[in-house]
Number of protein chains: 2
Amino acid sequence: MSEPLRLGIAGLGTVGAGVVKIVRQKAALLEARTGRPIVISAVSARNRDKERGVSLATYEWVDDPVALAARDDIDVFVELIGGSDGPAKAATEAALKAGKDVVTANKALLAHHGQALAELAEAKGCVLRFEAAVAGGIPVIKALTEGLAANEVTRVMGVMNGTCNYILTRMENAGLTYEQAFDEADKLGYLEADPELDVGGIDAGHKLSLLSAIAYGTQVDFHAVELEGIGRVSAEDIRQAADMGYRIKLLGVCRLTGRGLEQSMAPCLVPATSPLGQLDGGTNMVVIEGDQVGQIVLRGAGAGEGPTASAVMGDVMDIARGTRLSTFGAPASLLKRATPAKSTAPAPYYLRMALVDKPGALAKVAAALGEAGVSINRLRQYGQSRESDSAPVLIVTHKTTREALDTALAAMPETGVVLGSPVALRIEAA
Amino acid sequence: MSEPLRLGIAGLGTVGAGVVKIVRQKAALLEARTGRPIVISAVSARNRDKERGVSLATYEWVDDPVALAARDDIDVFVELIGGSDGPAKAATEAALKAGKDVVTANKALLAHHGQALAELAEAKGCVLRFEAAVAGGIPVIKALTEGLAANEVTRVMGVMNGTCNYILTRMENAGLTYEQAFDEADKLGYLEADPELDVGGIDAGHKLSLLSAIAYGTQVDFHAVELEGIGRVSAEDIRQAADMGYRIKLLGVCRLTGRGLEQSMAPCLVPATSPLGQLDGGTNMVVIEGDQVGQIVLRGAGAGEGPTASAVMGDVMDIARGTRLSTFGAPASLLKRATPAKSTAPAPYYLRMALVDKPGALAKVAAALGEAGVSINRLRQYGQSRESDSAPVLIVTHKTTREALDTALAAMPETGVVLGSPVALRIEAA
């Protein structure tokens, strides 16, 4: 094959510009490794005049990404617009309908419309790849879809939002409050325009839903991901966790059991000595556990121009080499609808709550836990809070189901001694 | 494609039996993920009567692996015999000549004959894959060849011999001597029949030479790997390294500079807080650094039935899906002969030597180092050894080239004060 592979790139932000740079500056390397030249035919973005640090003069400029997607002079449509709907979706559909292969970095698009797009790609004999959508430069989609394909996956875990990990790391290492660390991340430009996408766990949840689909052969079901952001994690929680040998991470976990598919993205305690516990700053990590391979850990930069463009180009080069895979690693028609299940694997939980400072308060809480079948492993009550009449209490439970814990938590208001809503974090064996 | 993919498996040791089990027990999973059945037509091994924990009754038994390799009823020859020459080589060549794709776990074969085999595969339009040859279940060949293909690789590092890492970990954590830890590994069955393959760094060196070829588009050149085993690492070295915040690992490093291709497999000090420094026991780790992606870390089981069979089957499933790649990620005809180069990147070194216990001895050593341009960062001399008239001295140098260090080491005998040969370990920034 010496025919050039012709790209049409829509979206010329940081990642788009990075992709253009690689295609221009590494033409010989790309051709040596794939056996054919990789070229850009046309590009599209909202603002034609923006300085992007790379020349676009030799490419056709197309204002409408949908028109770009269906052009005769492109083989692969590279979608870097972003957003779950709107032009990203319209252009991706147009490309597939026109028989073009698609490479995208768009986790929101696939989390919301992955199944329909996979079916469309399959019907048209096209390839739809998305390595850059999950954990940036880490080739985790490839590892899960291809390298570990002979495994029944027993669990996938991941720290996949660098901004959250940065905030939690700063709270721990610099002793900042959540608000201070959040502001710092904001000033550094780490936060999405809507910060809730980051700190609410939505962005990481999108990614987890894609990994679940590949791992378990199920239809992407982002809406079934149990989402909990990091906004309620306090510096005190981080200190207490550290005292017990744990660190707090916004951790995605998915596993398939007899009850259904569990997908959760929530702050969890992980052992400080585990690979996940040792992860600092903006780095991402995905842990894949398979029945044959045991535990595989993948770590690297989860965002940024170079890493994300590296992942986009890895997909493009696969296509140039003639590799043609199903979107989620199995034909779309075979992907099953999974029954969403609450996390049922018993785990210990970390609880923090404030009690009214009255005799017998703790006994009432202990009784409520006991009635729900939740037993206490460790308990720590410390002196009255300076600002109020409340007394903070920390409890680590023995292994329990989420269901039993929720029953116990639901009973807390009735005790009449618990102020506000307790913080409950799962302790995940990692 | 619904035609079955038919395997012929030669070598039915632990890994071979593991592959047979996966094919038998996961038939539905493999077919769902690849779109076609994967079946075994024929098998071959030395001992037909051995109990392997899996039924072979439905497969043709062929005594001669070369005859198996060329059979009409196989599409893929799976070579799990082992050894750089002999039947493994003969059968692999026979398979390729007969137009069969080959999947192998044989690092020695590829380290010694990789270029010739890659050329043969290419001439015959066949695929030759070897994920299982490097770092067991970790999909590192795939990551480097495919996922990170758009990167110019700046460095690859790896701890790729679980036995050596086990021995070093036990010396550190249990305070064992090298000999005690070696014996323990031997009793646990961790050592190769020829232990020098493990502790001499040969096995890990084979693996490094394969990674170099992919990373830099060069012909495999195992003979150019600078090899140093772990036999001279003492418990004292491990303690001293720990005091300074380092751990000692048998570390493979390759990089391409203007002077040529550096490949070294030797015990090195790495920061205790780095991913490599945190690696315990028999686990493997490969670190890939690329100009776009930054640092990617891959970690997992480097050996064993399940992990290795997982890697073999990953390659088989790629072939079933129609993925066809060049052996080393670029056409064999394009792979360049690299000029071997000594590690030229300046690094600090850790030196341990025994001096005669006489006034002025240390000054002579310091002078010899200084004359070669090696300057001392830290120095520690402790009391006379109980058994002899020698005094152990530890030196950490400032950054220096290996060349300057070798000049200094060559001058040590002339000082007349150095007993035996100094231990010199590079401190690798990781």
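Placed from the backbone N, Cα and C atoms, the Cβ positions cover glycine too.
A C-beta separation below 8 Å, combined with a sequence spacing of at least six in one chain, links B:Lys207 (active site, proton donor) to B:Lys107, B:Ala111, B:Ala133, B:Val134, B:Ala135, B:Gly158, B:Met160, B:Gly252. Taken from TrEMBL, the feature active site, proton donor covers B:Lys207.
Residues annotated as NADP(+) binding site in TrEMBL: B:Ala10, B:Gly11, B:Leu12, B:Gly13, B:Thr14, B:Val15, B:Gly16, B:Ala17. In sequence order, B:Leu80, B:Ala105, B:Ala132, B:Glu305, B:Thr308, B:Ala309, B:Val312 are the residues of the chain that are 6 or more apart from B:Val15 (NADP(+) binding site) and have a CB within less than 8 Å of its CB. In three-state terms derived from DSSP, B:Val15 (NADP(+) binding site) belongs to a helical segment.
As annotated by TrEMBL, NADPH binding site applies to B:Lys107. DSSP assigns B:Lys107 (NADPH binding site) to a helix in the three-state reduction.
Taking Cβ-Cβ distances under 8 Å and a sequence gap of 6 or more within the same chain, the neighbours of B:Glu192 (L-homoserine binding site) are B:Thr163, B:Asp198, B:Asp203. What TrEMBL lists as L-homoserine binding site is B:Glu192.
Annotation source TrEMBL lists domain 'ACT' at B:350-426.
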Using DSSP, what is the helix/strand/coil residue split across the domain 'ACT' (B:350-426)? 25 helix, 31 strand, 21 coil
Setting B:Ala10, B:Gly11, B:Leu12, B:Gly13, B:Thr14, B:Val15, B:Gly16, B:Ala17 aside, what same-chain residues sit with their Cβ within 8 Å of the center of the Cβ atoms that define the NADP(+) site, listed in sequence order? B:Ile9, B:Gly18, B:Val19, B:Ala45, B:Arg52, B:Leu80
When each of the binding-site residues B:Gly11, B:Gly13 is scored by other CB atoms within 10 A, the minimum falls on B:Gly13
Radius 10 Å, atoms counted are CB only; among the binding-site residues B:Ala10, B:Leu12, B:Ala17, which position scores highest? B:Ala10
Would you mind listing, in sequence order, the residues at least six apart from B:Thr14 (NADP(+) binding site) in the same chain with a Cβ closer than 8 Å to its Cβ? B:Gly304, B:Glu305, B:Thr308
